[in-house]
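Here the structure is laid out as C-alpha cells; the discussion comes afterwards.
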Amino acid sequence: MSFNQSGPNPSATFGTYNDVSGDQTNTTTINRIVNLQAQVSNQDSNTHRALIRELKDKLNPSDFAGDDRPECLENTRKETLDSIYHWVDARGYPNVLLLIGAAGTGKSTIATTVAGEYQRRRQLGCHMFFLREKSHPGNVLQSIAYSLAAYNQTIAESLVDQLKGRGDLGPSNLKTKFDILLREPLYAAAIEVREPILIVLDALDECGTPESRRSLINVLRNRLSTLPPNFRFIITSRPENDILAFTSPQSPNVQTFDLDNRIDENKIDVFTFIKHELEELRSSETLRVAEDWSWDEGLQRLANAAGGSFIWASTAIKFISEKKLDRFERLKSLVENRNMPNLNELYATILKNAFEWNEKEKEAFIGVFSFILFGKFSLSDEDINGILGIKTAPDVLMYLRSLVVYEPGNRIMIRHTSFSDYLVSCEGEPWHIDPSVQRAYIASKCFERMGDLLIYNICSIPSSFALNSDVPDIDIRVTQYIPPFLKYICCNWIHHLQDVSYSQHLCSKLRLFVYNQLLFWFEVLSLTNTFNHHVGPALLFAIEWVGNNDPDLSSFLRDASRQASIYSEPISEKYADKARRVEYIGRRSRNDCIKTIPVEWRYVSTLSFSPDGTRILSSSFRGVYVLDATSGDTITGPLVAEDDESYLLSAAYLLDWRYVVVATTNGIIKKWNVLANCLVLERLISDFQIDSTCTATFSPDRKLLVSGKKKGRIRVWSVDTGEQDGGLLEGHTSSIGCLSFLSDGKYLASGSGDETIIIRDMDERRVKIGPLREHSEEVTAVSFSPCGTNLVSGSKDKTILVWDVSTGKVLRKIICKDEVFSVTYSPNGLFILAGGWGLLSMWNVADDTAAPKVFQVDGHRHILQALFSPDGGRFASRDDNVIQIWDASWSTEETKTAPEEQGEITSISLSPGG
C-alpha cells in the first residue's frame, strides 16, 4: 500500500497484519507504521504519533488493508459510482450502504474506487478488505477504531481516554466495545469534523463464518446508525443470509445497492474493460493480431462470454497477457471456442495450459495451493518452501499469475474467492484439492518439520543464566536460527490440528512431537516472545482433540499444561537449560497455590470446571467468562447477548465442553458456543417468576433447570422446551438457599432458611427423606458424595454436617468459627473441602481424628467458593475479584500441625465432575 496523507484532515488506510509467525506486525515492512506515524497530520504531529503508538499496543489491530486492489477503469461503472458518491455526500440518507452482488460483479473494485476517491479528498477514515480463512471478526472493531484514530487526532485522544483504566478489552461484549471504541470517540470528533468521512468494509461475508461473525453482524446492524451521521459506512458482500439481515424491516437505517439488478451496465462496462486492456496489449505490440482476424467481433464474443462478470473478463485478460509468446493464439482459442467457457471452465483452461500435470507437478501444485487456501495467514513462496521442505513453490506460482497475486518473497493471495471455490469442488480434475485430506496433510507436515528443525538451544545462546532480554544479540540470533516459516509452524500447528478430526496417524505424529520436541517448542516460543500467547491454548486444544482416544497422551499434555502455567513467567523470559528437565513433568512437587488470577469484571458469582478440567467457567451477574485453567487467561467472554439487560442465575458446561448453558433472571435459557463466542439457542421459560427466585441449578445432563423460590417451593423446567416439567416441589416453609443434584441426577437435595434439608427422588418426584432437622440456622449449602450414600451440608450456625442419605442420621459434625456457605466432596469421595476468612481447609472423610490440611491464603481473603477439578488433583477458589488454582494433594506430614480453630468458613462448593 502506498500511504499518502497531509493537511488537517488526512485519510488513513492503515495496515497491520498477522505475519506468518502469528504475530501482529506492520504491513509488508516496518516502514508502513513509520509512514503512518510520520504523516498522520499537521495537528501536533508528535502528539498524534505518540497516541497512535499507544493505541497500537492497546488495540493490537489486524490488517484488513484494502487499498492494494484495482480501481474501476475510467468511464466504467459511472452510474453506480455517481449514485454512491451522491449517497456519501448528501444529507438525509442512512449512514450505512450495503453493496451486495454475486461473485464477479465488481463489488470490491467499486469499493476500492470509492475509497480511492475519498482518500484523494482526504475523507477516507478506514478501508478494510477481508480474506477467507485469514480474517477473524473478533478484532474488527479494534481495527476500525485504530484506523480512525490514525485519521484524526481528536478521535485518537478520545479513544485513549476511553481506554484508560479498562485493561484488556477482550472480556468486553461487542456492544460495550462498540461504544468505547467508536461511539464515544466519533461523537467527540463530530464537533470539529463536519464533512462526510467514509469507512469501507469490503467482503464482510469472507470475515469468519456466519456463526463466528453473528455477534459482529448484530452489533453493526443495531449500532452503526447511532453514530454521527457524517461517518458513512459502505459494506460489501455476496447476498449471504446473515449479511442480508441488514436489509430486514427491523433495520430501516440501511441503504441497499444490489449490483445483480444492474446487469445491463455491467455488460457494457465489461466490454469497455476488455477492449481497453486488449488494445493496450495490441498497441504495445505485445499482442500481435493477424490482419485478417475480426478484432471487434472477437472482443464482443469475449464480452458476451463474460456475461457481465468482471472476474471472468479480468481472468481471461490475465490468461492471455501472462503468456510470453503466442498471446494471439490464446486469444483465438478463447474467442473461437464454440462453447465459450463459463468461469469454472475458464479456470480449468488456464490450469490445463500451465502444466503437463504429471504426478510430480500435481503434487507440487496441490501442496503449494493447500497452504494458500488453508494457511492461517497469507504466506510467501519462501514460507511455503520452508514449511514443505521444497524449492518449487516459485515454479508453480510463476505460471498462474492470472489466478493469484504473486511476486517472489511477498504474500500470495488468490485473486478471487471463486477460484478457491472451484479448486475444492472440481472432483476428478488433477488440480482438485480435497479440504479434509489437505488439512490433515498440513497438520502432519507441521509435525514433521518441527521434528526436523527443533533442537536444544536452537539459537546457540552461550549462557543459560541470562534472561533473553539480556543477551546482546538476541534479535540477530533469532533471525538467523528461527526463520519466519518455523515460527509460523510453532504458533499455528494447533490451529491446523483443530481443522481435522481425530485420526491415529495424526495422533502418533502429535505423540512423537510432545514426547521429543515439546520443550524445544517451548524454547522457540520463549525466544520469539510468543510463549504466553500460544502455549496454554495449544495444549488445551490438543487435550480436547485427543479426548479419550489416548489417555496416556492426554495425561502427559495435562501435566505439561500445568507445568507451563506454573513456570510461564520465567520460561517466557529465559529458556536455556530448562529443556533438559523433561523428567519433572508429572513428577515435580508443586506449591499449593498454582495460580492467582485477578479478574477485571466486578464480581465473581459462580465458578466451575469444564468436564475435562482444562477450563474454568466463571460468571459475574452480567456475563459468563471462560478461563484457561492453567494460565488464567480469558479464552472468551463475556457470553451475554448485546441487548441483554438481565442478570445471571446459573451457568454450566454441557458434556460437550464447547457449549455452556445459562439461565438469566428474565426467564431465558441461553446456549452459547464458547469457541465462537456466539449464541446458538435461546429458550423463554414460561411463567418464570423473576422476583421470587433465590437460586437455580442445572441437572447433570443439562436437560432440567431447577429454581428455588422465596416461599420454599421448587419448580423444574425443561431446558429443551422452556416449559415447566412436573408440578411444584413443596416441603420447605422458607426461602430455598441451595440446591444440589447427585452426579447421576437421580436425587436433588435442597437447603432452606427454615433450617431443614429435603432429599427428593427426581425420577418419581417425591421426597426420599426429610425434612432433616439438625441445623439451628439457615442451611446455605448441600452436596452429595460421589457415590450418593452421604450428603454434606453447611449452615449459618457455623457447622458442617455429614448425613447418611438412607437413614437421615448425622455421621459427623465439624464446628467452625463462623458461618458456612458451601461444602463439597472431592471426586473420589475421600475429602471434604471448606474455605474461610483467610484460609482454606480440607478434611479426611475416613479419619475424623485427623487434623485438616490448611491452605494458606495471602492476607485475609474472603473465600466465597471452592471446588475440585474433575480429576481431583486441583481445586479452584474465589472471592469477589480473585480466582486461585490450588494443588489438592494430601500429605499426612502437612496435617500434623494445624491451627487450634479453623476460622470463619465462608465458601465450599461441589465439583461438577464429582
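Glycine too: its Cβ is placed from the backbone N, Cα and C atoms.
Whatever TrEMBL says is automated annotation, not expert-curated.
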The annotated region 'Disordered' range in TrEMBL, which must be one of 1-20, 41-60, 161-180, 321-340: 1-20
Spatial neighbours of the repeat 'WD' (772-813) far in sequence, C-beta under 8 Å, 6+ residues away: 734, 737-744, 746-747, 749-753, 755-759, 819-825, 827-829, 832, 834, 845, 848, 905, 908-910, 914
Secondary structure content, the repeat 'WD' (729-763) (per DSSP, counts of residues): 0 helix, 18 strand, 17 coil
Summary of DSSP states over the repeat 'WD' (772-813), given as helix, strand and coil counts: 0 helix, 23 strand, 19 coil
The domain 'NACHT' (95-239) - residue tally per DSSP class, helix then strand then coil: 73 helix, 24 strand, 48 coil
Arithmetic mean of per-residue pLDDT over the repeat 'WD' (698-723): 83
